[in-house]
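Chemist: Take a look at this one; I'll ask things after.
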Amino acid sequence: MEHTMIGNQIGLVPSILSADFTRLGEQVREAEAAGAQRIQIDVMDGHFVPNITMGPLVVEAVRRCTKLPLEAHLMITNPQDYIETFAQAGADVIIVHYEVSPHLHRNIQKIKAAGKQVGVALNPSTPVFMLQDLISLIDLVLIMTINPGFGGQELIPETLPKITQARQLVTQRGLSCDIEVDGGINAATIPQVVRAGANLLVAGSAVYNEKETVAQAMNRLREAIVPARS
């Protein structure tokens, strides 16, 4: 799976946490038809974050209805115990949180051994420099622009410099690591995060809502990218 570089197309990554679960397959296919680059599946355990959501069975179901790469965002206390399970379920990218990975290198190696791309997520209070020693082993850095746990939150402005710091880190090392952002991403905030250096934009309620179709929402978000890059 090729990286989406900042000089190329900016990718939209719908999060199915905000989708209508009675029409999940249909809504995933709508996002694919509307030009989504990937689909993100938010896995929450009620321990690391105050919510319980989806597991590997949902990954398996989504895998059957789309050819898009799937990201499993593991917001769980013991990600090392579930890496192989989500890999077998069909995730292409497995994202673990730095905050619950005291042996981050071991988790990275476990994801690589499963033949998957490595993502590492940083909560708003976790500095980017914590990744500087392992950045060459990481395919994707996910900057959380909200405190994880629930969709529909507003972007925390103080996280924007972290996006730039992450972009500078990978650029200085000559790496092809994606910089992804998640939390409060909508047409109003896309210009900010793209200018800061993000190239993968996770959007939940901005894609899946009752006000517009998925195609309309995706088009509106894509239009926000154009002025951000000019």
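Glycine is no exception: its Cβ is also placed from the backbone N, Cα and C atoms.
These numbers come from a predicted model, not from an experiment.
From TrEMBL, for reference:
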type	residues	note
BINDING	SER15, HIS73, GLY149, PHE150, GLY151, GLY152, ASP182, GLY183, GLY184, GLY204, SER205	substrate binding site
BINDING	ASP42, HIS73, ASP182	divalent metal cation binding site
ACT_SITE	ASP42	active site, proton acceptor
ACT_SITE	ASP182	active site, proton donor
Chemist: Taking just the CA atoms, what is the gap between GLY151 (substrate binding site) and HIS73 (divalent metal cation binding site) in Å?
Modeler: 14
Chemist: Could you check which of the binding-site residues SER15, ASP182, GLY184, SER205 is the closest Cα neighbour of ASP42 (divalent metal cation binding site)?
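Modeler: Looking at Cα distances from ASP42 (divalent metal cation binding site), the smallest one goes to SER15.
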Chemist: Could you state the CA-to-CA distance between ASP182 (substrate binding site) and HIS73 (divalent metal cation binding site) to the nearest Å?
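Modeler: So the alpha carbons of ASP182 (substrate binding site) and HIS73 (divalent metal cation binding site) sit roughly 10 Å from each other.
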Chemist: Distance between SER15 (substrate binding site) and HIS73 (divalent metal cation binding site) at the Cα atoms, whole Å?
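Modeler: Counting only the Cα atoms, the answer is 10 Å.
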Chemist: Among all the protein chains here, how many other CB atoms are within 10 A of the CB of ASP42 (divalent metal cation binding site)?
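Modeler: So the number of other Cβ atoms within 10 Å of ASP42 (divalent metal cation binding site) is 26.
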Chemist: To the nearest whole angstrom, state the Cα distance for the pair GLY149 (substrate binding site) and HIS73 (divalent metal cation binding site).
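Modeler: GLY149 (substrate binding site) and HIS73 (divalent metal cation binding site) have their Cα atoms 12 Å apart.
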Chemist: In sequence order, which same-chain residues at least six apart have a C-beta under 8 angstroms from GLY184 (substrate binding site)?
Modeler: THR145, ILE146, GLN153, GLU154, LEU155, ILE156
Chemist: Find the longest CA to CA distance in the recorded substrate-binding set SER15, HIS73, GLY149, PHE150, GLY151, GLY152, ASP182, GLY183, GLY184, GLY204, SER205; express it in Å as a whole number.
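Modeler: The span, Cα to Cα at its widest, is 17 Å.
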Chemist: Quick one: pull the CA-CA distance for SER205 (substrate binding site) versus HIS73 (divalent metal cation binding site), whole Å only.
Modeler: 17
Chemist: Restricting to the same chain and to sequence separations of six or more, state which residues have a Cβ under 8 Å from that of HIS73 (divalent metal cation binding site).
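Modeler: Listed in sequence order: GLN40, ILE41, ASP42, VAL43, ILE95, GLY119, ALA121, LEU142, ASP182.
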Chemist: A 10 Å Cβ contact count, applied to the binding-site residues GLY149, GLY151: which residue has the minimum?
Modeler: GLY149
Chemist: Inside 10 Å of the Cβ of SER205 (substrate binding site), count up the other Cβ atoms and send me the figure.
Modeler: 19
